[in-house]
Amino acid sequence: MRALLFLALVGAAVAFPVDDDDKIVGGYTCRENSVPYQVSLNSGYHFCGGSLINDQWVVSAAHCYKSRIQVRLGEHNINVLEGNEQFVNSAKIIKHPNFNSRTLNNDIMLIKLASPVTLNARVATVALPSSCAPAGTQCLISGWGNTLSFGVNNPDLLQCLDAPLLPQADCEASYPGKITNNMICVGFLEGGKDSCQGDSGGPVVCNGQLQGIVSWGYGCALKDNPGVYTKVCNYVDWIQNTIAAN
């Protein structure tokens, strides 16, 4: 889903040519099972991503909320049964109590699985942050979202993108008045590489720790409009307390 805030001048979209590499946007096909914490949220179709943080809990974006979700793990090609998948239904879905669907502040959600998953080489957890990552840190973004800035091409194979954490000043300048201290920007101010619709809820992993959740942006891969992500390091206590209480 990545909450898409449409450009006012959609008709002028052709004035922004972007070099589409036919991936996440501008990314590459991940090596199979190289992102074992990546999950697909399914309600008869893939609609969002998420990250496995222990054998019974997944973290995603609150704007991905549905009352019933099947979590699919161990996936590479989401349209083919490859034999390594685990499909588990949700038992509890818990949005952050202060999630604001208008501003997308606190865009984080926890999903308790109906039963623990089997951890192996293809299904593994990602660590929560021990501290907030500084600007310039290189991160990996992944998902099965749209691979085009203009038009739609939803890939079968998991897509990856290497991108840096941007300075908060650049993030705020890109989206004046819209960036809270619970949001970070990751990507490229020049455009061309970004997450997109369908990547929502998925991971931004930096040095082995989950630092971001795909949240929103103006369009995808547009100049001066980098992707905006939930700042996971602000929520470690909430995550741990919520899991302990449930």
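Placement of Cβ uses the backbone N, Cα and C atoms for every residue, glycine included.
Model, not experiment: these values are computed from the prediction.
Reviewing C64, C196, C206, C220, the cysteine that Swiss-Prot connects to C139 via a disulfide bond turns out to be C206. Which of C160, C185 pairs with C171 is settled by Swiss-Prot: its disulfide partner is C185. For C220, the partner cysteine in a disulfide bond according to Swiss-Prot, taken from C160, C196, is C196. Per-residue pLDDT, averaged along the domain 'Peptidase S1' (24-244), amounts to 98 for this model. Checked against C206 (disulfide bond) by C-alpha proximity, the recorded positions H63, V80, S200 yield S200 as the nearest. Here the binding-site residues are E82, E85, and the one ringed by the most other CB atoms within 10 angstroms is E85.
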